[in-house]
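Here's the structure we're looking at; comments come further down.
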Amino acid sequence: MALDPLGAVSQQSIMALSGRLALAALRLWGPGGGRRPISLSVGASGSFGCGGNSEKVKLSLKDVAELLRTRACRRVVVMVGAGISTPSGIPDFRSPGSGLYSNLQQYDIPYPEAIFELGFFFHNPKPFFTLAKELYPGHYRPNVTHYFLRLLHDKELLLRLYTQNIDGLERASGIPVSKLVEAHGSFASATCTVCRRSFPGEDFRADVMADRVPCCPVCTGVVKPDIVFFGEPLPARFLLHVADFALADLLLILGTSLEVEPFASLSEAVQKSVPRLLINRDLVGSFAYSPRSTDVVQLGDVVQSVERLVDLLGWTQELQDLIQRETGKLDGQDR
Ligand SMILES: [Zn+2]
């Protein structure tokens, strides 16, 4: 990417980068692509601490809070990954010992990621639907991080939330779909693999819960939830990144290892002058190999870091009230 003498990214080079990302966005990397595939969960243990200022970082977490509190930044683009859902109990289907892993063991799966391969799906869709049963909307609940992002939206500070997660917890927290880019798809809708008709995911809830492979009511073809499999195009909404990342005045990245392309490259798509805040267990991606002077890094437990930011923003009570209100709604739906 071309840099001007001042080190700033020109508008032209941003558009060029965005164009490359758009091309890269056409296909998800497969297992042979050398990158990690769709990640459901990473551990988020570890103790809070050691974030904030380092010699290279001029801004602190407090400064970021101030930028938000004073609305100096109000076009916030957020990127999230599996690390924000771990506190909701979302299991890693690749981890021996998790219930989901045990459930999948009964099938003859060559390797765990095969459940996201179309060839294997057409051979045997049952393992995928075991996962679908686990992750269908309603089973898990949003946590503090999801509701913090909802509060960002309520305060009209959220430009867009890009998620790699397929658990639907961003929707469940009440963030409108128009503010979301679910880069790896969701269970909210499903498509017939034969006639390509689209249906609400809810239409097949009873089938999925009863361990039946859902069939198209029109042509009887197998219906597949709109989760992005290897080799499938990303959702058209992913192209919103071309405008969103050029407009962003703050980039928040939470709970992601930044290992999955094309998602990972987006972390570098904001202008150089735009502060980037990483809240994560570890230092990852371009924050490690190509840090910027405007980077803020808060390492450790994601929930504790989010709570610290919320505290600095003075939103703690408001967040608690929101969580209580929304939890009450979800309790009502369960009854
Ligand atoms: Zn059909």
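Yeah, the Cβs are placed from backbone N, Cα and C, and that goes for glycine too.
Copied over from TrEMBL:
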ACT_SITE  His184  active site, proton acceptor
BINDING   82-86, 92-94, 164-167, 256-257, 280-282  NAD(+) binding site
BINDING   Cys192, Cys195, Cys216, Cys219  Zn(2+) binding site
DOMAIN    54-316  domain 'Deacetylase sirtuin-type'
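On the structure: features taken from TrEMBL.
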residue : record                       : Cβ neighbours (10 Å)
Ala82   : NAD(+) binding site          : 24
Ser85   : NAD(+) binding site          : 31
Phe93   : NAD(+) binding site          : 23
Asn165  : NAD(+) binding site          : 27
His184  : active site, proton acceptor : 25
Cys195  : Zn(2+) binding site          : 12
Cys216  : Zn(2+) binding site          : 19
Cys219  : Zn(2+) binding site          : 13
Thr256  : NAD(+) binding site          : 28
Arg281  : NAD(+) binding site          : 19
Sequence-ordered recorded positions from Ala82, Ser85, Phe93, His184, Thr256 with Cβ under 6 Å of an atom of ligand 1: none
DSSP says Cys192 (Zn(2+) binding site), in three-state terms, is strand
Under 8 Å Cβ-Cβ from Cys192 (Zn(2+) binding site), six or more apart in the same chain: what's there? Ser198, Phe199, Cys216, Val218, Cys219, Gly221, Val222, Val223, Lys224
Neighbours of Cys192, Cys195, Cys216, Cys219 excl. site residues, C-beta within 8 Å of centre, Zn(2+): Thr193, Val194, Arg196, Arg197, Pro217, Val218, Thr220, Gly221, Val223
Using His184 (active site, proton acceptor) as the reference point, find which of the binding-site residues Phe93, Asn165, Cys195, Arg281 has the shortest Cα-to-Cα distance to it. Asn165
Which of the three DSSP states, helix, strand or coil, fits Thr256 (NAD(+) binding site)? coil
Any idea what the Cα distance is from Ala82 (NAD(+) binding site) over to Cys195 (Zn(2+) binding site), rounded to a whole Å? 32
Taking only the Cα atoms, work out how far Phe93 (NAD(+) binding site) lies from Cys195 (Zn(2+) binding site), in Å, as a whole number. 30
Once the DSSP letters are reduced so that anything not helix or strand counts as coil, what is Ala82 (NAD(+) binding site)? helix
